[in-house]
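Novice: Got a structure for you, written out below as structure tokens; questions coming shortly.
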Amino acid sequence: MGLIVISDFYSLFTDEFYVLKKENYLTLLVALPYWLYLVVVGLKIQQEENTDPAMRNLEFLVYFALAGGLWQVWTVYRDWSQYAELQQHYILPESFYPMGIAILSSFALLYLFSLYTFNVRKRHIGPYRRDQWEESFEAWEEFSLGQEGEVPLDQAD
């Protein structure tokens, strides 16, 4: 993941890093839910807890981040696959081809690791079950209504 974030600042064509461009920080922001998801999965496995709605929502953010990564893979692959044609018209840095392979390989590893993490979540933590969410929701209703259906003091007139 670190190579992917760093490669967002790297330009294949100029062999330079551009840290002042705002759009280069997008991958770093998109990576935050992924890192948080890894921490949550690790803690849930360690504490032997079940899934919850917050974890499900975080996993959906990871799906969205991985889908956004497909666009980056497409742009890198498009540029990298035109290496022979570009070399005839432009002077390309020597690192163009190897860095393209490294970036594409890191994305491939990210997707494989993500699939593995989703599988680990299903095996060790369990699937997302709707009945657990309803129990959680009922507990919140009881908390907000007070004991045995009483209206809490702050809501009584």
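Here the Cβ of each residue, glycine as well, is placed from N, Cα and C on the backbone.
A TrEMBL annotation is a machine prediction, not a hand-curated record.
Found this in TrEMBL, in case it helps:
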TRANSMEM  25-45  transmembrane segment
TRANSMEM  57-77  transmembrane segment
TRANSMEM  97-120  transmembrane segment
Novice: For the transmembrane segment (97-120), what are the same-chain contacts with Cβ under 8 Å, counting residues 6+ beyond its ends?
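Specialist: Beyond its ends, the transmembrane segment (97-120) has Cβ neighbours at 1, 3-4, 7, 10, 12, 15, 34, 37-38, 41, 45, 59, 62, 66, 69, 72-73, 76-77, 79-80, 83.
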Novice: State the residues, same chain only, that lie 6 or more residues beyond the ends of the transmembrane segment (57-77) and have a CB under 8 A from a CB inside it; answer 'none' if no residue qualifies.
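Specialist: For the transmembrane segment (57-77), the sequence-distant neighbours (Cβ-Cβ under 8 Å, at least 6 residues beyond its ends) are 4, 7-8, 12, 27, 30-31, 33-34, 36-37, 40, 100, 103-104, 107, 110-111, 114, 118, 121.
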